[in-house]
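*Asks:* Structure in structure tokens, see below.
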Amino acid sequence: MTATTTAPYPAASTRPLKRPPARLRAWATRAPLLPALVFMIAVTQLPFVATLVISFFDWNALYPKARRFTGLANYRQVLTDADLRHSVWTTVLLTVAVVLASLVLGLLLALLLDRRFRGRGVVRTLLIAPFLVVPVAAALLWKHVLYNPEYGLLNGLLHYVGGPQPDWISNTPLLAVEASLVWQWTPFMMLILLAGLQSRDREQIEAARVDGAGDWQIFRHLTLPHLRRYLELGALLGSIYIVQNFDAVFTITSGGLGTANLPYTVYQSFYQAHENGLASAAGVLVVIGSLVIATFALRVVSSLFREEAARS
Amino acid sequence: MTALRRHGLGLVAWLAGIVFFLPIAWMALTSFHSEQDAATNPPSFGAALTLDGYREFFGVGGGASPWPALINSAVASVVSTLFVLLLALPAAYALSIRPVRKWTDVLFFFLSTKMLPAVAGLLPIYLFAKHTGTLDDIWLLVVLYTAMNLPIAVWMMQSFLAEVPVAVIEAARVDGARLPTILARVVAPIALPGIAATALICFIFSWNELLFARVLTGVVAETAPVFLTGFITSQGLFLAKVCAASLVISLPVLAAGFAAQDKLVQGLSLGAVK
């Protein structure tokens, strides 16, 4: 393929070569895109269609002969089942708590790292590290090495100050899962917010300082409005990933003690209970929930995208 | 600002860094302790160091060897990353350097697929694998991981290729350079660091993935995270072994992540933040 044929240069028109028709050129431009597009749709979009279809069937994998169309019955069952409703609630609680906590912590850390101090690069590296531990390994670390009531590090440190020796996972199971996720996701938020802080207009801040604005005023009226987009982006991307979290719930509590979120419930209902129809209906509900978040996320990403494009 | 306050805040930053890193440091230290020293309260910080935990993990004294799982993970991550690059590079080219009409819409379509939860597509994929006999086959994971990372890679590479100035490409074209020359001499030098970072991030996501691997693999194609799920239920004194396993399996990700540190934000924010 020669890409030079479409360039409308005077030199091209003097060539005896005939220019390919416009439609052919359009397809030549599109061609590099097609393999990726077709592959994507085939592997990631078709399964959703299949899930949607299965969700209208009463289908237990152990009794495949008894499979039949039931319309919305699965949805009715999912929405009225106490366990499943609880798992919807758990998903919301888990996502909101982890996103908010890691966003606030990430903002504080980003503000600290935005200043110059000795060893800033080292501290940045130390702070990123939790995000770079394999999620299952991180969950194992928290479950066995930190939370263990008899010889975990948390109770070990409490021992020094004569504190109580709680059984963290049994006492506060959801909080235990959330804490491990906050530890992993704070670095993510910090990185995004740090990028936001560093894209501030330095001259504007200097001007404000010359005009006698204090640190708090600069933060409140210049930094925070500028960071709004980045906070939104962090919150939305974080939500997309944490709504789907499976590793931490599966590892730390195995979905027990009321910590089963929707992804875990979907996994369990078809992998252990073999209820294909119910699992699909729950899956469709997860998709609908994600679409709501995704609509906002896409809006934020596209506005940042346009800003970046306008700046460059 | 007073010097005291500046130093004070620097100290707070250091303290925060240490607190966040403490669990990892403790994991590393514990992995070099004997099982008896690993399970004490109060913790034994200065206990004698030993490689027993690593020996146990690698199955020297009997028990399952992690090598098949590590090799499976390496195959799934490396091969899927190569496929991702092969598919995403031309696509990113058609979305930046020689853009198709409505290229932003296409770009956002890629992104929107990433926002649908993978778990909702799991059952049909499982049924498909069962009927085609690809259950417990590492190549199924390669295909799935390629699709999983493709949107991220397209977005990242689009933003990296867009950094190549159009004027330079046009100039080369006027000088009579053909496409392969332009790609090799003009585009590659500018976009290569970004492409490398994209590859590292795709590698990380594939290496970390648990849900698909857990459902779709068994004894043959088991990956490293699935191997780790074997440690979910306690097995007596096994903390040093758990720590050694967690650390060894996280090492490739830590290495890739630190190597891609500068571009990590851009990748994780799907190219929206530079």
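Placement of Cβ uses the backbone N, Cα and C atoms for every residue, glycine included.
So TrEMBL has the following annotated:
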{"type": "DOMAIN", "residues": "B:70-260", "note": "domain 'ABC transmembrane type-1'"}
{"type": "TRANSMEM", "residues": "B:12-29", "note": "transmembrane segment"}
{"type": "TRANSMEM", "residues": "B:74-95", "note": "transmembrane segment"}
{"type": "TRANSMEM", "residues": "B:107-126", "note": "transmembrane segment"}
{"type": "TRANSMEM", "residues": "B:138-161", "note": "transmembrane segment"}
{"type": "TRANSMEM", "residues": "B:182-206", "note": "transmembrane segment"}
{"type": "TRANSMEM", "residues": "B:212-231", "note": "transmembrane segment"}
{"type": "TRANSMEM", "residues": "B:238-260", "note": "transmembrane segment"}
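Please go over these features one by one and say how buried each is and what sits next to it.
*Replies:* Non-local neighbours of the transmembrane segment (B:74-95) in the same chain are 103, 106-107, 138, 141-143, 145-146, 149-150, 153-154, 157-158, 160-161, 195, 198-199, 202-203, 206-207, 213, 223, 252; each lies 6+ residues outside the stretch with a CB under 8 Å from one of its CB atoms.
Using a Cβ-Cβ cut-off under 8 Å and counting only residues 6 or more beyond its ends in the same chain, the transmembrane segment (B:107-126) has close neighbours at 95, 135, 144, 148, 150-152, 154-155, 158, 211-212, 215-216, 270.
Listed by sequence, the residues of this chain that lie at least six past the ends of the transmembrane segment (B:138-161) yet keep a Cβ under 8 A from its Cβ atoms are 72, 75-77, 79-81, 83-85, 87-89, 91-93, 95-97, 107, 110-111, 113-114, 118, 125, 129, 187, 191, 193-195, 197-198, 201-202, 205-206, 209, 212-213, 216-217, 220-221, 223, 263, 266-267, 270-271, 274.
Within the chain carrying the transmembrane segment (B:182-206), a Cβ under 8 angstroms from the stretch's Cβ atoms is held by residues 76-78, 80-81, 84-85, 88-89, 97, 145, 148-149, 152-153, 156-157, 159-161, 163-164, 168-169, 172-173, 252-253, 256-257, 259-260, 262-264, 266-268, all 6 or more beyond its ends.
Below 8 angstroms of C-beta separation, residues 64, 66, 68-70, 72-73, 76, 118, 122, 125-126, 129, 135-138, 140-141, 144-145, 238, 241-242, 245-246, 249 of the same chain, each at least six residues beyond the ends of the transmembrane segment (B:212-231), sit close to that stretch.
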